[in-house]
Amino acid sequence: MATRLFTSESVTEGHPDKIADQVSDSILDAMLKDDPKSRVAVETMITTGQVHVAGEVTTKTYVDIASVVRERILEIGYDSSKKGFDGASCGVSVSIGSQSPDIAQGVDTAHEARVEGSTEDDLDRQGAGDQGLMFGFACDETPELMPLPIALAHRLARRLSAVRKDGQVGYLRPDGKTQVTIEYEDGKPVRLDTVVVSSQHAADIDLDTLLAPDVAEYVVEPELALLEISTEGRRLLVNPTGRFEIGGPMGDAGLTGRKIIVDTYGGYARHGGGAFSGKDPSKVDRSAAYAMRWVAKNVVAAGLASRCEVQVAYAIGKAHPVGLFVETFGTGKVPDAQIQDAVTQVFDLRPAAIVRDLDLLRPIYAQTAAYGHFGRPELDFTWEATSRADALTAAVKG
């Protein structure tokens, strides 16, 4: 019997890196709302009293970026200098240029149309916005077909934020982190080993008599009651440093794109390295990673495997992927090559087809920027749909 421990973490919406992600995606949404064909690549850096926004944008609309920044930060909960940051009074600097015409050329007129003479299919006209490799993953450990460690870490982080916002534990502040360690036997989750919760809090809050008991009662225990695995002997560590009064941008500078493992599968699956937030769907870093999750989830939903990881790769300016790889880690009901062939029959992985099939030219991205881009049953993400599972099964059967 092979036993191992696996750990994943999540962070709340008030973590400085997540503030940056949400600001970048809020700016993206504001542009897509009025001009769905906007090209956007926006990075945010946030530190004590300051927010810096930079990037490249081509759009027909006007967005008051400073107002978008302030509104998002205030919604997160940083609305007072007593909390270490105030969205209403912080400094906001903006440095935005236009998208490089060299990049635009490859996206607007793909290599297939420009060089290879393929003009009959409109989907061949849009090239990938960059080269790169993207991964998607799904497994049957949870109803949402996500790995249990990251799924539970996200649930705890969402609840930590919820009890702050609804006043149940009103002395909490927006910055927080959760971490979950699960024991596996023969590849299956069997026991919760350790939970770590760190939360920023108001001054003069006693850890042992107030904070730790409140976190246990209102955050941790309600989630553990829903688990189907053993919690016997589990450890709970709350604010292990002893104090967490200084948090958010005052405690650490935040940057867009620094929580790519939290955004995806908690380290349980491979990652191509590209961040998501602040990027419109012409950037395959984002859209193709969403598509790979869609593919992998449909493979598992179809019962073709209990674990599935899919890699796709693109060349900048080309519409068709240059590589596709399906791996089921020995859990496939048929050979991986057969599943891969079925994927190519059922899914069109050209960038324009992904944007069309997943309806990505919409202002939907700010809600993805905290608590994970995948496995969100409370949100209606198109890449979480399993409506192509039957088609995959039929394609495998031939």
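A Cβ is built for glycine as well, from the same backbone N, Cα and C atoms used for every other residue.
Database features (Swiss-Prot):
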BINDING   His15, Asp175, Gly176, Lys177, Arg243, Phe244, Asp252, Arg258, Lys259, Ala275, Lys279  ATP binding site
BINDING   Asp17  Mg(2+) binding site
BINDING   Glu43  K(+) binding site
BINDING   Glu56, Gln99, Asp252, Lys283  L-methionine binding site
REGION    99-109  region 'Flexible loop'
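Overlay of Swiss-Prot feature records on the structure.
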residue : record                    : contacts (Cβ under 8 Å, 6+ apart)
His15   : ATP binding site          : Asp175, Gly176, Lys177, Gly248, Gly254, Lys259
Asp17   : Mg(2+) binding site       : Val11, Gly254, Leu255, Thr256, Arg258, Lys259
Glu43   : K(+) binding site         : Ala20, Ser24, Val53, Ala54, Gly55, Leu255, Thr256, Gly257, Gly278
Glu56   : L-methionine binding site : Arg39, Val40, Ala41, Ile96, Gly97, Ser98, Gln99, Ser100
Asp252  : ATP binding site          : Pro16
Lys279  : ATP binding site          : Leu28, Val40, Ala41, Asp285, Arg286
Lys283  : L-methionine binding site : Ala41, Gly129, Asp130, Gly274
Residues that sit under 8 angstroms from Arg243 (ATP binding site) by C-beta distance, when 6+ apart in the chain:
Leu207
Can you check what DSSP calls Lys259 (ATP binding site), collapsed to helix, strand or coil?
coil
Neighbour tally for Lys259 (ATP binding site), based on other Cβ positions within 10 Å of its Cβ
24
Measuring Cα to Cα across Glu56, Gln99, Asp252, Lys283, which the record gives as the L-methionine binders, how far apart are the two most distant ones in Å?
30
These are the binding-site residues: Gln99, Gly176. Which one scores highest on other Cβ atoms within 10 Å?
Gly176
Would you mind pulling the DSSP three-state label for Lys283 (L-methionine binding site)?
coil
